[in-house]
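A.B. asks: Take a look at this one; I'll ask things after.
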Amino acid sequence: MTDATSNLDSHGRPLGVLRLSLTARCNLACPYCCPDSRDPEGMLDLQDQLRLIRVACSLGVHTVRLTGGEPLLSDRLEPLLAAIALDRPAGLKELALTTNGVLLSPERALRLKCAGLDRITISLDGADAASVARMAGLQGGTPAGQSLLDQVLVGLEAARSAGFNSSHGALKLNAVIQKGRNDDQLIPLARLARDRGLELRLIEYMDVGSRNGWSLAQVMPAMEMVQCVSSHWPLDPVGRSSNSTTSRWRYRDGAGYIGVISSISAPFCGDCNRIRVTADGQVFTCLFASQGVDLRPYLRTDESETQLRECLSELWTRRSDRFSEERSLQIDKEKSHAEMAYLGG
């Protein structure tokens, strides 16, 4: 077996996080994500997923985050959690989920908690009906936005009631902020999160994929977001932990924390420890990559898992990605990227 400590990429970064997409489909149509309406062919089955997680953990992965599309649309979610719980890899410290929360009923939240899920992050890009409708790509206008907002808030409370403790970081709120579209929602979202004891993470609008018409002019820099929030509720810096995507700030009045993810204005490529595997088994070593490597031949023909382990290990040790840093140097400006919903964020 490969020694997990020997798996450093060409920049000395260890492998630590596997983001595993369960589906490319989504029940929303957020314009910055542009999800697909159907899944790709050749989806990984349960045994493929389990083998992948087991081998990834043997190479140093300590956190598995289940993503989409919208993972709650996948009929693979609960069976996967149940199977992991039966034989959880020794190195797997955290099993997390990112969702829009629409399908997170009280019953389902409890099932997920009982099945061994450790953390849930819910995405919400507005705090009023019109903004929610606009950012989710809804056709029904304000009434549809209000219905969606109500569902997400129910999902948040369902997760809390199921035992996902926000004060311990087990329940967080994500928001993508796009200048000119929902930057007016910064303070309302911060207020919503503060009132509910949630840590809000504000994400810069990213140039992932080619469908969303990304422009640098639409990016609100993280520090500008921080200054905006701090003008209402003073903040003190906490910093960014090694390998984390989030720089955190503490509310001076004791109302918790807020975070920013600044992949455009202040890239954190230097200690990125993530790989992403799509629902059809393509592995990507960078969110901004244009092409992945198909793992299915290794997953389905090698019961010993040796070839899969060697493939992942070689892929990681040869890894040299630092796209966000290169973006600032105007390198590879015309390079195409895989789509956000396909990669799983």
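We count from 1, first residue shown onward.
Heads up, the Cβ atoms here are built off N, Cα and C, so glycines get one too.
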A.B. asks: For the GTP site, Swiss-Prot lists Arg19, Arg65, Lys172, Arg274, Ile275, Arg276; sort out which one of Thr98, Thr99, Thr317 goes with them.
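C.D. replies: My reading of Swiss-Prot gives Thr98 as the candidate in that site.
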A.B. asks: When the Cα-Cα distance from Arg274 (GTP binding site) is computed for each of the binding-site residues Cys26, Tyr32, Ser123, Cys286, which gives the smallest value?
C.D. replies: Cys286
A.B. asks: With a 10 Å radius around each C-beta, find which of these binding-site residues (Cys30, Met206, Cys269, Ile275, Cys286) has the fewest other C-beta atoms nearby.
C.D. replies: Cys269
A.B. asks: What does the structure give for the C-alpha distance between Cys269 ([4Fe-4S] cluster 2 binding site) and Met206 (S-adenosyl-L-methionine binding site)? Integer Å is fine.
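C.D. replies: Here the two Cα atoms lie 14 Å apart.
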A.B. asks: How big is the gap, in Å, between the Cα of Ser123 (S-adenosyl-L-methionine binding site) and that of Thr98 (GTP binding site), rounded to a whole number?
C.D. replies: 7
A.B. asks: Check the domain 'Radical SAM core' (10-236) for me and report the mean pLDDT.
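C.D. replies: So the average pLDDT across the domain 'Radical SAM core' (10-236) works out to 95.
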A.B. asks: Please report the DSSP secondary structure of Ser123 (S-adenosyl-L-methionine binding site), reduced to three states.
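C.D. replies: Where Ser123 (S-adenosyl-L-methionine binding site) sits, the three-state DSSP reduction gives strand.
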